[in-house]
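Chemist: Below, the features straight out of Swiss-Prot:
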type    : residues                      : note
BINDING : 9, 10, 11, 12, 13, 14, 15, 16 : ATP binding site
BINDING : 11, 12, 13, 14, 15, 16        : substrate binding site
REGION  : 34-37                         : region 'Interaction with substrate tRNA'
SITE    : 100                           : site 'Interaction with substrate tRNA'
């Protein structure tokens, strides 16, 4: 029977392994909700499911494009439709899982039209002052420290001469998905930090530096994919910014830097998920088992 649900969580929360175990039990297919797994040749840095796992469970959203290719939310939505059509044709469930919550939010909320970029001539305080006067709905929901949204708001304001919140209501497309159950794997902060540090060690021991070296010699170092956590730090390592690349100190500095940046990312993901998916069901990872999840939440 076809049905779909999402399994989200921060990086290193165990989403991939748990979703694969679930998929085995309910004979589901998986749509990867990860902005790095979609790239070919980025396997270790993305913590991508291994070849054996990919052979056992049908995955979508993985190995779609090369690292120097453009990929946007619209492309991801097309991949979602492919995954859904396949699941319906096989009469099986679809599990949507990963850490790129922006993709999921875009499918649930709809997409706004793409606007041309303009030069931002005002500082953030000046833009915020305008927003406070004409668009209190915006300022009540967001912070003036959220530069991305603030600049997008100003961009809409300048290009349309309308109040941005009103313009978005009129011009945002209908949601791609409605009434989706969302489950979040939740870890204690200190436990998650330890998981991140352990995963970083595993990635380095599995050949992260060699993978990164091939990527940096194949593609321009300024492409988006090579600025991802795990790869950008390797770029600094190759440039001897972390010490002599032949020294153990440089490796330890690399490991520490990746862990720090990953912990910071996890904090941002947790904050994003709590704001974007208020109806999500939070799962206690300490007692979480596949059978328990199936019994309690899917009634299987």
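Cβ atoms are placed via backbone N, Cα and C, with glycine included.
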Chemist: What is the pLDDT of the region 'Interaction with substrate tRNA' (34-37) when averaged and given as a whole number?
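Modeler: Value for the region 'Interaction with substrate tRNA' (34-37), mean pLDDT as a whole number: 96.
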Chemist: Please report the three-state DSSP label of residue 15 (ATP binding site).
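Modeler: In the DSSP reduction, residue 15 (ATP binding site) maps to helix.
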Chemist: Measuring Cα to Cα, how many angstrom lie between residue 16 (ATP binding site) and residue 100 (site 'Interaction with substrate tRNA')?
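Modeler: Cα-Cα, rounded: 13 Å.
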Chemist: Beyond 11, 12, 13, 14, 15, 16, what residues of that chain have CB atoms within 8 A of the centre of the substrate site's CB atoms?
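Modeler: Everything else in range on the chain: 9, 10, 17, 47, 99, 185, 195.
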Chemist: Under 8 Å Cβ to Cβ from residue 11 (ATP binding site), same chain, six or more residues apart: give me those in sequence order, or none if nothing qualifies.
Modeler: 47, 99, 196, 262, 265, 266, 269
Chemist: With the cut-off set at 10 Å between Cβ atoms, which of these recorded positions ends up with the most neighbours? Options: 10, 13, 16, 100.
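Modeler: Counting every other Cβ within 10 Å of each candidate, the maximum falls on 10.
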Chemist: When you measure from the Cβ of residue 14 (ATP binding site), how many other Cβ atoms are you left with inside 10 Å?
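Modeler: Within a 10 Å radius of the Cβ of residue 14 (ATP binding site) lie 17 other Cβ atoms.
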Chemist: Between residue 10 (ATP binding site) and residue 100 (site 'Interaction with substrate tRNA'), what is the CA-CA distance rounded to a whole number of Å?
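Modeler: About 9 Å separates the two Cα atoms.
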Chemist: Report the same-chain neighbours of residue 12 (ATP binding site): residues 6+ apart in sequence with Cβ closer than 8 Å to its Cβ, ordered by sequence.
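Modeler: Counting only residues 6 or more apart in sequence, the Cβ neighbours of residue 12 (ATP binding site) under 8 Å are 47, 192, 195, 196, 199, 262, 266.
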